[in-house]
Amino acid sequence: MAANNFPIFFSFIAALLAAIFTSANGSERKAHIVYMGAIQNRAMAESTHHLNLLRSVIGTSSVTEGSYIRSYGRSFNGFVAELTGGEAEQLAAMDGVVSVFESKELKTKTTRSWDFLGFQQPKRNLAGELDVIIGSIDSGIWPESESFNDEGIGPPPQKWRGVCAGGENFTCNHKVIGARYYSSSSARDDKGHGTHTASTAIGKSVTTDGFYGIAGGVARGAVPSSRLAVYSACSPSCTDVEILAAFDDAIADGVDIITISLGGFDLSDLRVDCIAIGAYHAMVKGILTVQSAGNDGPVVGSVESVAPWLFSVAATTTDRSIVDEIVLGNGKTVSGYSINPFTPNKDVPLIYGTNASKSCSFQNPEVCSCLDPKLVKGKIVQCKSFAGIFKAVDAGAAGAIVLNDKADNVSFIVPLPAIALNFTAYEQVTNYAISEPNPHVRILKSVAIKDGYAPMAAQFSSRGPNLLLPEIMKPDIAAPGVEILASVNPQPPNSDTPGDNRTVNFTIMSGTSMACPHVAGLAAYVKSFHPNWSPSAIKSAIMTTAEEITNTDGFLSGEFLHGSGQINPKQAIEPGLVYEIFEDDYLKFLCGNGFDSKSVRGISGNKSDCSKFSTKFSPQDLNYPAMVFEVPPMKPFVVKFQRIVTNVGTANSTYKSEFSPFSIVYVLKSSEKLNVSVEPTELTFKDLNEKKSFVVTVAGGSIPARTGFSSALIWSDGIHKVRSPIVVNVKLPPTPTSN
């Protein structure tokens with residue numbers, strides 16, 4: 001997928017991934033991943049063993065060798081082969097196989113932001129920062145970008161086990177210490193998406209004039225002295241096969257944090273989610289994986305990153321908004337949204353899409369689907385669809401005014417003078433055009449203004465609740481993801497439009513893809529101060545110190561929009577208390593969510609058996625930094641959450657508890673009151689790393705469906721505030737079935 005400026009608007013249909021051929025019975029073969037969990041025996045993770053498994057199903061050696069694609073065996077066990085549906089089912093039933101699933105295509109979720117977060121002059125541990133390695137699984141990078149220069153940075157840390165195998169015309173340095181590619185000829189970024197996300201997390205400070213003078217300033221990452229390892233898995237497309245290969249290598253190479261601004265479609269089972277699989281094995285090795293939540297908002301329950309060991313990131317606005325204006329021929333000004341660098345020199349005739357179209361047959365002329373080049377030449381065309389911008393370019397128009405029917409209040413780079421208007425503003429232009437016999441308009445150059453309402457969740461950002469695992473809050477956290485300036489591949493196009501030949505070194509993008517690396521960079525920052533902290537401790541520190549977001553989008557509020565809140569970099573390195581989760585805890589959780597012993601043994605690579613865990617283990621008792629539970633509608637309930645916190649603040653300290661008032665999370669209002677309590681109400685610590693447990697109880701009466709409540713438990717010792725969201729979500733009633 002092209003990832004320059006419209007990662008929000010387009011969904012891409014999964015492509016066939018390998019050469020398809022016909023077997024003896026005529027069944028179609030497709031690339032499938034045979035996932036075999038942790039490596040229990042090195043010989044079992046070799047390609048020879050994988051080929052033997054294939055032969056036992058396919059039969060002939062020639063077909064087996066033609067079907068086999070690759071093996072995974074550095075960090076977890078598995079292989080890829082072209083299989084029919086029947087062959088996939090046979091392999092899935094074999095001992096040692098956790099799951100078999102068809103490879104899918106995933107999609108990308110794609111300056112001022114760090115300053116907005118209060119991170120202008122942060123406290124730094126330079127020695128620790130130099131030792132942190134971020135692995136970027138994306139479309140590669142542009143290695144010559146100034147964001148990746150290694151001035152003042154010494155050789156890689158001794159723990160690094162990777163290589164610089166970036167392929168054609170790709171050179172590493174002391175900052176970009178490793179590179180690998182999987183389906184192209186190089187780790188060089190041909191899209192711009194990977195360069196943008198990597199530089200947001202880890203880029204050196206670079207003074208820039210922005211995008212043609214718009215939103216200039218100093219562009220930088222959270223940890224400009226940390227190292228980058230590049231895993232180019234999205235060129236030309238992002239598929240499960242390449243993503244798992246990148247995880248296999250990144251884990252074995254020794255990265256500390258993985259950032260992956262990608263997402264898929266299938267939320268039916270964690271055993272077929274390649275990112276959840278890779279991230280699980282990363283977690284076992286002490287590596288935190290940060291993933292974008294998705295760009296399918298404002299749909300409720302659209303969040304795609306759902307596994308509890310993933311750090312799932314929603315997108316918010318910053319206090320810098322990029323806007324544009326048009327001046328009508330009658331002198332009135334109308335405001336809208338675009339990143340439009342073109343400076344006007346005169347008024348231009350305005351023509352409505354219906355009047356600029358000929359021979360439309362079954363197409364809709366209002367949305368400019370059939371523009372006549374002769375009628376739009378030298379004119380600005382008005383289109384009742386955002387896609388009209390591209391139609392205007394194709395037809396050779398001088399500019400476009402379009403209805404913003406995609407995402408409110410977000411600006412995107414345009415390939416010609418253009419602006420997107422909300423419905424009221426669009427109608428104002430329409431009325432002017434109708435009333436004037438010779439309408440003219442001038443589209444001004446975009447400017448950056450102060451947004452006093454920030455932070456707000458972006459409308460495109462995917463929402464909770466977590467439909468697959470309701471007891472796990474998703475998204476986890478929010479970070480800036482709207483109109484983010486960062487480095488880019490300088491090769492055109494910059495607006496996803498063929499023929500747009502402008503070249504820049506920095507560009508502006510929006511998406512949860514842009515939010516994700518902010519959190520990955522912050523995780524690396526926390527790691528630089530606390531190198532021995534577990535992935536769950538780092539995640540907890542960022543979640544429990546987050547700033548609560550009170551602004552809403554008018555439809556949904558609370559944790560289903562933004563998780564724990566907006567990241568707070570300065571506080572995250574000193575959280576006071578952390579919630580830790582280890583592999584056994586996750587295995588108990590999986591057993592409590594319907595995984596059988598065979599799957600759990602395969603995933604973990606040990607003798608784990610669900611029967612050895614307490615049958616009373618409840619999924620909501622996973623030691624997560626948030627507490628979420630689903631209750632049936634119109635029935636009284638009592639829910640208990642058991643939690644354990646570890647003292648990482650000061651040795652002798654006492655934390656007192658308080659609760660924020662319950663608020664409505666979404667959709668319907670309810671007069672029902674909820675009661676919440678914690679036992680004990682105080683936690684006293686004598687030593688660092690000491691652990692204390694507590695139980696939170698929430699009770700309520702009859703609450704209607706489509707209602708949710710949120711509160712928060714806050715532990716405070718007078719210095720630290722440890723905030724943990726509490727969410728009660730009322731289940732939807734079952735859909736009636738007709739006989």
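Each Cβ is built from the backbone N, Cα and C atoms, and glycine gets one as well.
Feature annotations, courtesy of TrEMBL:
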SIGNAL    1-26  signal peptide
DOMAIN    32-108  domain 'Inhibitor I9'
DOMAIN    132-552  domain 'Peptidase S8/S53'
ACT_SITE  D138  active site, charge relay system
ACT_SITE  H193  active site, charge relay system
ACT_SITE  S513  active site, charge relay system
DOMAIN    621-728  domain 'Subtilisin-like protease fibronectin type-III'
Between S513 (active site, charge relay system) and D138 (active site, charge relay system), what is the CA-CA distance rounded to a whole number of Å?
10
DSSP-assigned states of the domain 'Subtilisin-like protease fibronectin type-III' (621-728) in counts, ordered helix, strand, coil:
1 helix, 68 strand, 39 coil
In angstrom units, rounded to an integer, how far apart are the Cα atoms of H193 (active site, charge relay system) and D138 (active site, charge relay system)?
7
Tally of residues which DSSP labels helix, strand or coil - the domain 'Inhibitor I9' (32-108):
31 helix, 23 strand, 23 coil
Other CB atoms within 10 A, centred on H193 (active site, charge relay system):
32
Cβ-Cβ neighbours of S513 (active site, charge relay system) (radius 10 Å):
33
Within 10 angstroms of the C-beta of D138 (active site, charge relay system), what count of other C-beta atoms is obtained when all protein chains are considered?
33
